[in-house]
Amino acid sequence: MAGDQLNVLNALDVAKTQWYHFTAIIIAGMGFFTDAYDLFCISLVTKLLGRIYYHVDGSEKPGTLPPNVSAAVNGVAFCGTLAGQLFFGWLGDKLGRKKVYGMTLMVMVLCSIASGLSFGSNPKTVMTTLCFFRFWLGFGIGGDYPLSATIMSEYANKKTRGAFIAAVFAMQGFGILTGGIFAIIVSAAFEAKFPAPTYQIDALASTVPQADYVWRIILMVGALPAAMTYYSRSKMPETARYTALVAKDAKLAASNMSKVLQVEIEAEQQGTEDKSNSFGLFSKEFMKRHGLHLLGTTSTWFLLDIAFYSQNLFQKDIFSAIGWIPPAQTMNAIQEVFKIARAQTLIALCSTVPGYWFTVAFIDVIGRFAIQMMGFFFMTVFMFALAIPYDHWTHKENRIGFVAMYSLTFFFANFGPNATTFVVPAEIFPARFRSTCHGISAASGKLGAMVGAFGFLYLAQSPDKTKTEHGYPPGIGVKNSLIVLGVVNLLGMVFTLLVPESKGKSLEEMSGENEQNDESSSSSNNNSNNAVSTA
């Protein structure tokens, strides 16, 4: 890479934080807001789907989704997300970030609406169409991971880059929060308009016909924030790093950045390509330079998501233990949606959202490595603290302590590896592979999410087949599952050692794209500082 290319990039690295940086955070962050809303809102309505479509006359308890149907409805979006992360990650490097960025939103908008319009003459066909549209919804969501992270990293200055990328990711917390609040509003409105007896009083009447609209409305509203952001995304210029380093047009890169950032960049003639940086993805040279880095980002994200998505194992027990969700038969269908949404909203407000924003505040102060290592460490400690004396926590008088431990575990997931595993892959790989490698890392994480959400759902079943949930085979029990999760977090600490610290360093320094041009880089940096000071 030549000095004239470095000129525009160094100007971005030293540019002061300005309004367009925050605009980019909002534009990219609204995608993640939508992602979180769409992925998490399904958990608010699965109980309702069971009552509506799988009611059994004469049963003591309301209908529930069979294990295979529940796994499909909850997990199919993860499968789509994994595929979308790989495909759009690759496409973002092939065609450019800007060209692909709007596609993901359109897929999300169309499939959010279509999910709420799922149709069929019997439960099987309704669930099939719902799963079909949620797969493609996940496909669009998956594309947002590598593209949003890459775009934000390539726009940001090196001083606050970590906070900017983490802020985009932190919008997930608000998406979860909004999903819960909206479900509370919708269910409260329907309960007021269409009151119904509890299940134990009148099983059939406890689910009013209008309840079928509740889950559809909640799913469809996910299209709104994505649709509102589409125009803004279409107006974002291509990132300077893609234009200069991949498209090899430093002049256009300088022109594009001068339009949106208050930085004076002299448009110089096109530089020559550095042959030492022309190796391909997964080539011998790539593996030599970045092989361990990619192993580090994929393994830590995989291990983190196993633990993070295993929270489904304990939520229902925790909510019931502290009285947030009473037994299902003591509520009607819409009341159950209200109680579940209220519980999830409180968890998001007290644990999830603060953890995200602690990362935003401290990531450029103490660094990515320290936050990730600290997060895995405390997750390990709290998982073992829950597991080893598990029988102690099952006593009613000790359950508040269990809830506190549980909340701290996921606070340190968010003020820890859940955020840093998203940030780091967008910083340490060359520009021409950045989106692809982030997509690979994210897809590895989503594979871990499937293991955590569904593998452990089976694994955590009681070894005594008479005590397993309906339709599930015997497992190893919750205590042993917690021990396994503690070991998973411990492995996360080990693999974090493969991930380099990127705090305060330029993307080109981290990726090695300027290692042959130290002198020209230094010269260009001086020029850039002069340009910025006059801007």
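Glycine is treated like the rest: Cβ placed from N, Cα and C.
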Do the topological domain labels in Swiss-Prot for ARG97 and ARG399 match, putting them on the same side of the membrane?
no
How about long-range neighbours of the topological domain 'Cytoplasmic' (421-438): same chain, 6 or more residues beyond its ends, C-beta under 8 Å?
88-93, 97, 145-147, 149-150, 152-154, 161-162, 165-166, 169, 241-242, 245-246, 277, 281, 286, 290, 293-294, 297, 300-301, 304, 363, 368, 372, 445, 499-500, 502, 507, 510-513
List the helix, strand and coil residue totals of the topological domain 'Cytoplasmic' (92-99) as derived from DSSP.
7 helix, 0 strand, 1 coil
Contact count check, CB pairs under 8 angstroms to the transmembrane segment (100-120), set 25-45, 71-91, 212-232, 290-310, 481-501; argmax is 212-232
Could you give me three numbers for the topological domain 'Cytoplasmic' (153-161), the DSSP helix, strand and coil residue counts?
4 helix, 0 strand, 5 coil
